[in-house]
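Features reported for this protein in TrEMBL:
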DOMAIN    25-285  domain 'OBG-type G'
BINDING   34, 35, 36, 37, 38, 39, 234  ATP binding site
DOMAIN    309-395  domain 'TGS'
C-alpha cells in the first residue's frame, strides 16, 4: 500500500486554486494581432483556418483539440496493438488579437475579452521577431510593451467584473432584511481590487482558503485567476541558435509579474518542419541543418495540460488502450465515473499498477510479473488516482440508476 499523500502538499497552488473543477478544460491562445496566434493554432491542431496578415481575421474563436504527446501511451499501444487507441486531448481555442483599449471596447475588445473569460488557461503569445512582411499593430517590435499592454487590458476588465460583483452583492444584501455585507467579503474584494489597480494578476495573490472560496463563488469569471504559459515567437534563425535579444528581458518581466513558464518557439521554423511531414528524407535533412533544434509544440501541449491541473490514467488491453482525463486529486470512484456512471455508482475496488512499475517489470501483456513483485494493488474508495496509473475497475450495479 503506497503512503497517503500529505493533504497540504496536494492542495492546488497558484492559479490552480481558482480553476473550474471538471475534466474538459480549454487553453486559449491570446496576444496582440500579428504575433503568430492563428499560425500556432494551425500547427497545434493541424487545421487550415485563415491566418492572414490582418488584425481582426480571427473574430469568432476557433476551437479544436490536439493530442497530448506521451511516450507512456505510445509504449502501451505498441505493446497491445489494439484496434482502438485513444490518447488524451487538450482543447485549444484561438482568440482574436487584443489591442490597447480593448477593455473599453477598442478594436473588437469586449467580444475578445468575453472569449478569454470562457477558457480555463491562457497561452500568451509574444512576438520577438522582426519582419517587414508581418506588420506590428504598434509599428515596432517590443515584447515588453506588448506584455504590459495585454496584462493592463486583462486587469482592467477584471476590475470591471469586480465592481459589478460588488454592486450586485450590495443590492442583494439591501433586499434581505437584517443582512450585512460580511467582513470577509469586504477585505477579500479590497485585496483583489488593489492588485488589479496595480496591474497585478489575481492568481499571484496571497489568499487564504476562505478568500479563495469567496473568489471562486463571487468572481468566477475573472481572467487573471487563470494560469498562463508564455510563448515567445522567434525567427527561425534565433530559434535554431537559441538566442534572442529579448529573451532575458521577457524572462525578467515574467518573474516580476507573478512568474510562469516561458517557452521559446518559432512559427517560421515549425512551419518549415511541418512542410516535410510527408518527406522523411527532407525532414531528416531539415533537422540535421537545424543544429539540434526540436519542435516546441509537444512541450506546449504537455505544459498547457499540466497548468489546467489535469492528469490521466490508462485502461489497457486487447481491445483498447485509452487515456482518461481527470482533475488531479480525483478519487477512484469518480475516476471510474469518467468511463461510465455505472462504474462510479457500483464501485467495488480499483486494481491498480503504476505505469512505471508495469514498464519496469512486465515482459509481456500479462500482469503476472507485476503481481509477483507485489506492485499490483487493490485500492478502495479513498484512493487518489495518480497520473499514469493503469487501472481495472470492479463494480456491481444491481438496479438501474441515473446515467
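Using the three backbone atoms N, Cα and C, a Cβ is placed for every residue, glycine included.
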Worksheet, complete the sentence: Counting other CB atoms within 10 Å of each candidate's CB, the least crowded of the binding-site residues 35, 234 is 234
Practice prompt. Mind giving me a neighbour count for residue 36 (ATP binding site)? Other Cβ atoms within 10 Å of its Cβ, every protein chain shown.
Written response: 26
Discussion item. Restricting to the record's ATP-binding residues (34, 35, 36, 37, 38, 39, 234), give me the longest CA-CA distance in Å as a whole number.
Written reply: 15
Worksheet item: Helix, strand, coil residue numbers for the domain 'TGS' (309-395) per DSSP?
Response: 25 helix, 35 strand, 27 coil
Item to complete: Go through 34, 38, 39, our binding-site residues, and report the one whose Cβ sees the most other Cβ atoms within 10 Å.
Response: 38
Worksheet item: the domain 'TGS' (309-395): mean pLDDT?
Response: 96
